[in-house]
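Structure, as structure tokens:
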């Protein structure tokens, strides 16, 4: 029934057949070796069962048995299933697994010896055995684990003989049947091939005999063979003899047995039998009787031919090969067995093996003999009498017999399996069979019988595995056609056809595995990134078991959101997958999926996802402006070799100098130079490399090579030019020549002659060669400066990039073109300038421009409001026709015109429209204006008579007019709008304002109408083709604004952030920058503001080298800053770049310094700088007098810190990315050539820029980070420039030096701007005055508060005064004092300087105590100035506010120092002692002054008031009491002309000293020069009203001019009253000689004298003389006579002589207040000094300051005198004017006033007390005077009396002081009676 599933068991090469077969079915991986046995439950006795131990066996057990009990039947399968092919175990059977230390596989062999497996799902052999190997217990479905038997128990049970260590070989399974299953009726299951080998000695029984049993068996010899394992073919059966297994010791060898073909006798054999030899060891083990094959029934059909096979039946003694299929083989001889007969009723069942557990063994031997047949051979004898298909047996063959004797070992008389020896011998020889075969010809042919291919399932082979078990062999058949013959001849009858099989075909048998295959294993190997190529390659390893088919391996690339980006199929034979076009900084997921088939259908396995990200972080030079090829010779001299005409022979001397737009220079050593041809252009390819440096190629890929291309310079041919350098040089040398472009030219690396490439006035012709329109590319300056009579035509300017923000009048073609022609020119690019910036030319002067176009950008930064135009700023009588503009205009404060700003015809009315026109032109683009500036989309204006016609605008104007900019459009149309005709703007395109009336008359047209008009304008310039030079493409020259637009993940809204991050990360590539920029939040200032610089800080100080930092300061363009903490990153992963994480930003910071070892270079530079001394020749070549710089102390400091300074210098300067001795050599040469300049510059900056901002020192920032404000100059060049000239190093020019060489370089033009900016940026201060006081550590500033309300909110403080022209030189020295201690008194009019050292205040305690004295003096100075601010006329009052309106007058204390003596100019006192105030301040600023010991103080003034007017104290100390008086004196000289006299100057004929001492100087009693007690007024001192004062005691009480005038009236009238009383008392004495009391104030006509320009009558001086004899006798009866005769008292008056108001001899003379000056000595012109001062006070007292004092002392009436009095400004003219002709001379006026005073006095005055007596009446006073005069006259002749007028003078003083005191300083009424 299951015929096709029969198997036999055979011992083959020592392997039990069941093992071999099981291996085929299961094909396990042998991981351990084990032996498994079924054990019959009957063998496991009750005793043994009691010995079964529960739990798991001890792992130390070497041998043990596992006991299982079946709990269900195994599942059955299909017909092909092994389980259904053989008997099944009965339910309840036990499974005993013998286990040695290792287990290989589980093979369960059933009752009949067949292999029985659990169902496929029940036991996974590998997993199960591996588990058993580890844990000792196998869990198997269908079996229940019972327990285990130890090795000792197994021995007791007699089950240990099969378990010896050496008996089980790896892979071998020995099965013992111990169960007695029920007999089966299925004869197929009872065949002998289904018997199993028993490893224990089997009982020998005789097989039952049959009638057909042969009597004899021929013998055959058995030979050893090494045949391979037999193949089991489908449909065939193999019989196998039981293979003996030796259980104890040694290996078992097997010898082959001969295979004998078995055929039924009914079919004759036509072929000799084939022999099959099988190796066996020793003699075969005789089978038990129950193991012999039962007899097949006779009706069993014969096996088909293709299923017949050699069968071997297990024998005990004999086997008969010729036995028919239905016969049973009988043994010829019987052998005794221990149990010869089966028990009754149990036939067919396996006998039970008894176990004899004995421990002592007796061994012996037993010999057995068996006979076997030997086949005979057949001999064929040819017979030509018969046809070839006829044969006759001549003799029958007979078989031989072979006897085999085997000796076995016996144990306790029981035979064992063990074979000790085997011998064979032939008992009966073989008799060959003889057959005659016909050879008579017949027609025969042979044909091939194709073999068939059959498949057999094999569950030992992995599914999907196909294995050829038997090769197919084609058969042969013979086809015989037999013809009937007559006498040997054929007849025509059809032949008889017979087919004879000559060779049967052998089927091809293919075993098809059904066992589940191992899973293939796919693993990640690695992922290799190629960052520059934006790719990554994933590599795998694949382990694929045979038979498994890999359907696909796919790699899916997913983005961060899980979206599939791409999918790549991985080839099985190339396990690499490259993913290209990856994005940087994108987190990708790599998902790998493998689909495979193990014969069970497709299965899918996913690998663990891998994350991958390409982070490109390299060094990239960005924002490149220019790349130059530099050559350095052996001496270190640099030469620009960019304009190559041949390939350099030695690249070792070359380096690339890469300059960015912000002026940063990077140097790269050149590795190679190659001449190449690209697009027909010969170029030089220069290559450099540096660590981690990448360069962007033209195709936007990145390379690790830095390559720059230079054009090969071709020489001119005649006047045709092929290189720009040669062209501009020749045009400069020969500006009248004719020049032609023979090709496109490139201006890169060509140096301009100045502001333009050609500075000479060009008068020649420039064009392209005929029929060409060539282009000059890459202009960075205007082509021409100016031209006259020139012709420019037929060329273009391409890629223009002019960036000149400092320059006015900037245009690509040039500035001025006079009487020139410009035609057919196209300009494309960008132009930036200050004021007057255009796209073509600045001015056309009677010139013609036609068909010229500009396309690009224009940016005017200036604020002067100049004209600027899209093409032309000013067109003066010039014609601009058919021109075109399409661009973006940005203006700050300019008068822009979209095409032309000013179209100006001029005043010639006869050629209107012929000249001065703009016609047939187009303007497009945008115009963005900060200030309106009267800008227009088409023009600014067309005054006068400029003809503007047929023009079209599409300009979008923001903050300007849509067409016509100027308000003049609404002016007289005859000059303007009448000539503005047919000009249109395009509706819905052009935009802008129309704020003027006539603007609204300008019409719009549609785009279509505009296009139609434009088509007829003849404009073609805009269409001229411009091809980018190949070097532009190769060098990737792009517009700065477009630099980031092509970068991955670029966001337009983050463009500013990217620019800003370049400052934080100056080295990194653009992709990195964009990625970092996109990480910022929208609120970040890096997104919203422009960054100027980023500077590292440590502990609150700037770090200017590569030292570690803990914070960075980000400085924004709006003047703000942010500080962020940073933390160092140990490895930036970019060579030579130091990196920090920035707190709160999520980005990194890298200092703008290359991080590399510079020790050697630092040493060399330091050596060079150290060699410089201040008195060296190098320094003296810069300044003849190094000592005049006062830099000795700073120079010493610099030398002491040179190590650190040089380190900072080089780290900021040296951006050499690769090692290059050439560049280093050039650097050292530069240092050597400029070492004196460098060291002086460092010394200067160290001296003057150590400024403190709330503890933040500014010095190193100035030295090494001048890029802080946004510009990036070369540090070395910056220092060299500073140190190159003496004027840059002098302390008195610190302000100018900053402006000239520092400010413009760093981006802050003025020092004041720098200090104010820094103050706001770095400190909490908002006022520079407050900050300065705080920052100037060694300066005490006294700022007395003004009482003048109008001045309180004006600039009047210390910094206001210092930041004022000439005082600017003091700012930096004061901020940088180290040892000197200065104090400054700052008022709105003056600024006074002195030092604590001068007054011997050398300790902090002394200085602090002295500050109160400083404040006292400061208050006095302020009080004086405030007095004048109240007194001065409103029109000139603000002239006193010099701190705001001019320059405060400097006041310098003298240079005498307590304990040091007088200091010389160099700052050394007596004995050479250092005077630090001079060394640190007064010396360097040139404010030291030599002491003039002949004067107390002096003023230096100019003929006209000047900013450098100054006051110097000489002998007098500023801080002395008299110092205040001296201050009022000297400042009178400075201020009087501008403020004290209402703006009028000194009265003609007077000079300086006539106005100070004795007039406007505040008197002080500390001096003895007559000032105190003379006419005057106290404007400065605050005194007590104690009755001892001579002047107003508190100036601030007189808080208005009216009060001051009132005071002066009381002051003068009190003195006049006293004079009147004295005069009256003297007159009453009736003197016979008037000279006893009086003398004369006479006139002296002026003569030639110093400072006098008026000579002769009527120009007079005062002449004080004695009375003439006549005058002595002159009767005096009233005061009027004294007035009329100009008598003066002898007392109080100076000695006789001439008193001048000019010069320096007598003009100082004061007038004693108690002296009687009765007359006025009226002059007809100028006057003498005593009269001048006396009259001035009296005029002030009577007419007031404005109407009396000023007209008298100044030139106020000079104009009137010139008109009315022949130019004579005399007293007579003045009194007439002042009194309005009431008085004709001073004497009339004074007499009148005396009487007024007398009358008022008679009516009453303020009560006083004199010598204890109260006085309240005039009579009382008169009595006192008469007494005093009498006493004085009485002692006239007494020579012992020194003062003969003492009683009178003393009385006058007593009364005066009382009057002053009792009127509260004359601030209240002097006279008590009501005044009329």
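Using N, Cα and C of the backbone, Cβ positions are placed for all residues, glycine too.
Feature annotations, courtesy of Swiss-Prot:
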type	residues	note
SIGNAL	1-33	signal peptide
MOTIF	73-77	motif 'LPXTG sorting signal'
TOPO_DOM	128-1876	topological domain 'Extracellular'
REGION	172-382	region 'Disordered'
COMPBIAS	181-196	compositional bias 'Polar residues'
COMPBIAS	201-239	compositional bias 'Basic and acidic residues'
COMPBIAS	252-262	compositional bias 'Basic and acidic residues'
COMPBIAS	271-292	compositional bias 'Basic and acidic residues'
COMPBIAS	306-347	compositional bias 'Basic and acidic residues'
DOMAIN	359-434	domain 'G5 1'
DOMAIN	435-516	domain 'G5 2'
BINDING	1529, 1533, 1553	Zn(2+) binding site
ACT_SITE	1530	active site
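When Cβ atoms from all protein chains are considered, those within 10 Å of residue 1553 (Zn(2+) binding site) total 25, not counting its own.
When the domain 'G5 1' (359-434) is classified with DSSP, helix, strand and coil residues number 0 helix, 58 strand, 18 coil.
In the structure shown, across all protein chains, 1529 is the one of the binding-site residues 1529, 1533 with the greatest number of other Cβ atoms within 10 Å. Same-chain residues with CB within 8 A of the center of the 1529, 1533, 1553 CB atoms, the Zn(2+) site residues themselves not counted, are 1499, 1530, 1532, 1552, 1555, 1556, 1557, 1561.
Between the C-alpha atoms of residue 1530 (active site) and residue 1553 (Zn(2+) binding site), the distance comes to 10 Å.
All protein chains considered, the CB of residue 1530 (active site) has 27 other CB atoms within 10 Å.
A helical conformation is recorded for the residue listed as 'active site' in the three-state DSSP classification. Sorting each residue of the domain 'G5 2' (435-516) by its DSSP state yields 0 helix, 58 strand, 24 coil. Over the domain 'G5 2' (435-516), the average per-residue pLDDT in this prediction is 83.
Secondary structure at residue 1553 (Zn(2+) binding site), as computed by DSSP, is helix.
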